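Encoded as structure tokens, the structure appears first; notes follow it.
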Amino acid sequence: MTATRLVRAHPESSHRWVPAAAGWIVGVIATLSLLASVSPLVRSIIRVPREFVDDYIFNFPDTSFAWAFVLALLAAALAARKRIAWWILTGYMVAAAVWNVTGLLDGDRWFEDVGEIIGLGFHLAAIASLLLARREFWARVRPGALVKAAVTLVAGLGVGTLIGWGLLELFPGTLARPDRFWYALNRVGAFAGADAGAFSGHPHVLVNALLGLFGAMALMIAAVVLFQSQRADNALTGEDESAIRGLLELYGKNDSLGYFATRRDKAVVFAPNGRAAITYRVEVGVCLASGDPVGDPKAWPQAIEAWLTLCETYGWAPGVMGASATGAQAFRQAGLHALQLGDEAILHPDDFRLSGPEMRAVRQAVTRARRAGVAVRFRRHRELSPDEMAEVIAHADAWRDTEDERGFSMALGRLGDPADADCLLVEAVQNGTQVVAMLSLVPWGSNGVSLDLMRRAPQSPNGTIELMVSELCLQSESIGISRISLNFAMFRSAFEQGAQLGAGPVARLWRWLLVFFSRWWQLETLYRSNMKYQPEWVPRYACYEDARLVPRVGVASVIAEGFLVLPFSRRHDQPHTGHHIAAPGDLIATGRLHSDGTAPDRIGPVGDGADDDAAPRLPEQVRVRMAKLSALQDRGVDAYPVGSPPSHTIAEAIAAEEGTEVTVSGRVLRARDYGGVLFGQLRDWSAETQVALDNSALLDGTTTDFTRTVDLGDLIEVTGTMGHTRSGSWSVLVTRWRLIGKCLRPLPDKWKGLTDQEARVRARYVDLAVNTDARELIKARSAILHAIRETLVGKGFLEVETPILQQIHGGANARPFLTHINAYDLDLYLRIAPELYLKRLCVGGVERVFELGRAFRNEGVDFSHNPEFTLLEAYQAHADYTVWIDGCRELIQNAAMAANGSHVFFRPREDGVLEPVDISGRWAVKTVHGAVSEALGEHIDVDTDLATLRRLCDKAGIPYLTHWDAGAVVLEMYEHLVEDQTTEPTFYKDFPTSVSPLTRPHRSIPGVAERWDLVAWGVELGTAYSELTDPVEQRRRLQEQSLLAAGGDPEAMELDEDFLQAMEYAMPPTGGLGMGVDRVVMLITGRSIRETLPFPLAKPR
């Protein structure tokens, strides 16, 4: 992927090898020159080839630290494709070629001519290769860097030459006085370019070495100045910081380290549209980005591309430190590689507790601090006076345990700046007056904070830090925070794995090394200080371009974090020292940015096309309607006024006598403009009617005003009289109208409506607005629910509400939904049935009770199943399951009468047309074993053994599990052979006892339970039981269910001890009914369950 990016910026050519080859050749000469300068042995071994290379090809003195250093810098610059290195090497090759040509013209000895010819051939080949590969040296140096380094080099060489001249005057050896200055100049300033034989005599060896060292020192100082000039540009301008703060206002919640992007010893590069940015430092040739890009994640790729282009431009190696998983993935997609660097410790105050064995150490530390009289106070930085902030800064400096402030990706590096007013200060105060410790945390979005600074006085009581962190979590609600980042611990996994029992030798060695270096860098201390709070560990990554660059990226990270301090480095709090604004010109032109670095005047998308990118692209019709709305507001028209009730519904207006004045409101579905006369179709919940607008009858405005203002779908209110138009249509003859709701999105086709079923589910509000059938369905559902309630209440049943959130998964065999309550740190279930609570009411003496409410089952979704559904459960004391056969039939028939006007279900024919099916009268009743026998053509009953049942299943092609008992196998046969094949409503009774854990055994038939299921057209509508009231037997059955649940069965019920204790107080003989109301509505209306529900669950888009 990296190669792809480079090829895109610089097309592939046959000369891409030249920079690396040139760097290797010069690097080898530099290495040999260095070795020869320190080792007489090496100098002796390479004397002959060195002299040939020195005479005819390339300057190669016998001893010169300075020249070795020069060549090393040149080799690195060539490999980095620096354009300035190309100029230097090409110029040198041209000069050397001219020197050889001159030697050929003056030479009179053949062996000298041969050497010069070889050298000239090499130079010409090198010059040709360099010229052809010129475009491969694209990397530039920072503006001004070369001039500063050159001036420093000239000054250093001058000073070194003068000092060397003085040493030669004091210790000349055999060197003649007239040659001493020129010898010093040659050794220091010319890097021993002239042969030593050109001078009369020679100095002492030590003085000669010192002269070479002076030249090397001048070069090294120049290199430091070169690097320092790069670091001096590691600085934000005020406008850049202002732009970054604007991005943080919008997207700061994405990254806990985002606020540290405002650190002012970083530079920044923006995406072209200004909606994302990357902050970075340049250290030892590595452009080191910190954390994730700041801003809109959709613009991260553009920001990363701009950053990588900058790296290529200057020949820097790209590196990233502290990226999140999301950020690392974005960098990987741009061609970098990711390596886990450590883990960030995140505390969630809602889950934080001091109780529990794992928090014992923290709890004890907090107790000690409180006993020592330590209290904690919280203040935002803006709440501190200048004197108080000065005191805070003084404490921070006095309590720092290092000479310089450390940090790059996890530290802000400043205190007391007015721009950081939202930072949070946590102080530990002993005895009410003395501050003994402090935490400073920067904002993490609007509801989080990220640790920036932690200080404690040497005399602070033990446990002070633990007390501050704990109080921060416990008082988080009053502070307005819901997440806290303690920043990340580097190499956390290495500490954990190396300390585990059975850790391998490599893991233990790696941990030992980290512990050793922790004496200086506090790696283990940071890990352990965070670990004790039981945080959530979130991985952080380092990113690099090539594995060979990992050491360089590591060194750059160590320098940037302050663990290794280079000469002339500046890491103290600074004002804005950047010279060039990096923010895009379009963003600067808005005038929003501030030169003092404070947040922009108006927070929002910026840059070319940013407004369009910030939200989904709006369709043309929506943009037209938005423009109309804007024009209305400009004219002072309220498109969404306060409501006033109309005098009539549309249905009432249609029924009114001619000439009746009415005020109706509704949605405009159609409009026809005939020039001066306009007709529209207006619909409210009750009906639809025509409205007629005539310029001659309108009291205010004209029909043109109407067409200019109103679109199809708008809500309007009209006032007029009922009458006939010229064509005889019964209409509202409008005299006044007003807009009461502007529809910003167009309605679907006026004749077809929403034809896609998925669209109808997702946009039910639109479906209801335009589809009469959808309105009739919701009316039918309401009528069915009302009829069920009315029937039960008419029989003396009491309606109740029981908990939806339940601690025990029980009441039915089904897979539940799991949730969690933070207040009690407790897992809860969404109820799968209200049964167990309703039975508690029965124990308490409520003899007729029902609940019509929502239940939840984490199971499949199809035409007859929805995870959230409406369930009726009813219980009648002193009754049994036979009572509910007539009771259930009456409920459903009454519901059908309420919805359809007669006792009918609607069923689709083969052509899709719905036809009524009569359900009046009594319904069939069959036993389960009898129905299965009828379907099999072979008799079975409760005494049929398991082997026979399995054989019959194999014969019928019905699958079963080996651990099922006979009852479970019969139930599976019933579901496949009977339930799925049933058409007209039928009650199937007397189910096997083993599959009915809450049902009493049959009073006369052993092995079956008094239970029936009502099935119609393959759909189970309801079930009823003679309830099991024996608490001993009930406990035994639930214990069996709980064993199944413990064994991994997700549908088995858990043991509800509170319910069993309630049953031990005795429940009267009771018959219970459970009915799926959604399925009843489905069969009554002839539609699928998704059509009958106003808002069924739909997959995310």
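Glycine is no exception: its Cβ is also placed from the backbone N, Cα and C atoms.
Quantities reported herein were computed from a predicted structural model and do not represent experimental measurements.
Given the ranges 151-171, 424-444, 550-570, the record in Swiss-Prot names 151-171 as transmembrane segment. Mapped onto DSSP helix, strand and coil, the DNA-binding region (662-740) counts 7 helix, 47 strand, 25 coil. Contact between the transmembrane segment (60-80) and the transmembrane segment (113-133) does not hold: fewer than three of their C-beta pairs are under 8 Å, each pair 6 or more apart in sequence. Stretch with the most C-beta contacts under 8 angstroms to the transmembrane segment (84-104), considering only 18-38, 113-133, 151-171: 113-133. For the binding-site residues listed here (D1013, E1020), the lowest count of other CB atoms within 10 A around the CB belongs to E1020. Within its own chain, the transmembrane segment (113-133) has Cβ neighbours under 8 Å at 13, 15-16, 18-19, 22, 52, 55-57, 86, 89-90, 93-94, 96-97, 100-101, 103-104, 107, counting only residues six or more beyond its boundaries.
Remote same-chain partners of the transmembrane segment (151-171), defined as residues 6 or more beyond its termini with a Cβ less than 8 Å from a stretch Cβ, comprise 180-181, 183-185, 187-189, 203-204, 207, 210-211, 214-215, 217-219, 221-222, 225.
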